[in-house]
């Protein structure tokens, strides 16, 4: 009976709870697959758990007329290891966040001003598309291509929550045309005309 009792004891004594209250990110240390190393608890202050940047509009005077202000672990070390983070999205009239993915986390967006057309594409190539107004919330599953477009004539603002302190970001347009992949290879893998590819590389900073 000793062996079965030992396994019962292990079953009830095991726990998935964190072994410490928090792991404020040490931004001076390298970031690994599990996030940042923990800051020395004796050096942690209340400021590590507060981020004040989301009340300021982002600069939308750029190519896509959009700005994302992140409160990820790199900017907000208090969320390190907690599986959460936040961001602000500003879209000027005509602004767009092109097709992109967050490899590290799912996303929930809530519109607080204006109208945003948002959608994502499933791995079965099914499109889920909706025009969102103030107070509307939409979820974007982890790793799926999605986008947001200002669908009104005024500034649109949204706040975004992620299921990771470091959700990551890869924008499809820049992945295709903002690098040094030879134009011939881009053409072979996308079926686009080489002249159009070179034009997009010029706009997005790519070479080759």
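Each Cβ is built from the backbone N, Cα and C atoms, and glycine gets one as well.
As recorded in TrEMBL:
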SIGNAL    1-17  signal peptide
DISULFID  23-38  disulfide bond
DOMAIN    52-198  domain 'Cupin type-1'
BINDING   100, 102, 107, 146  Mn(2+) binding site
BINDING   102, 107  oxalate binding site
Disulfide-bonded residues compared (23, 38) - the one with the fewest other Cβ atoms within 10 Å: 38
Residues of the domain 'Cupin type-1' (52-198) by DSSP state, where helix covers H, G and I: 25 helix, 56 strand, 66 coil
Separation of alpha carbons, residue 146 (Mn(2+) binding site) and residue 38 (disulfide bond) (Å): 33
8 Å Cβ shell about 100, 102, 107, 146 centroid, Mn(2+) site members excluded: 101, 120, 140, 144, 145, 167, 169
Inter-residue C-alpha distance, residue 102 (Mn(2+) binding site) and residue 23 (disulfide bond) (nearest angstrom): 23
Cβ neighbours within the same chain of residue 107 (Mn(2+) binding site) - under 8 Å, at least six residues apart: 139, 140, 146, 160, 161, 162, 163, 167
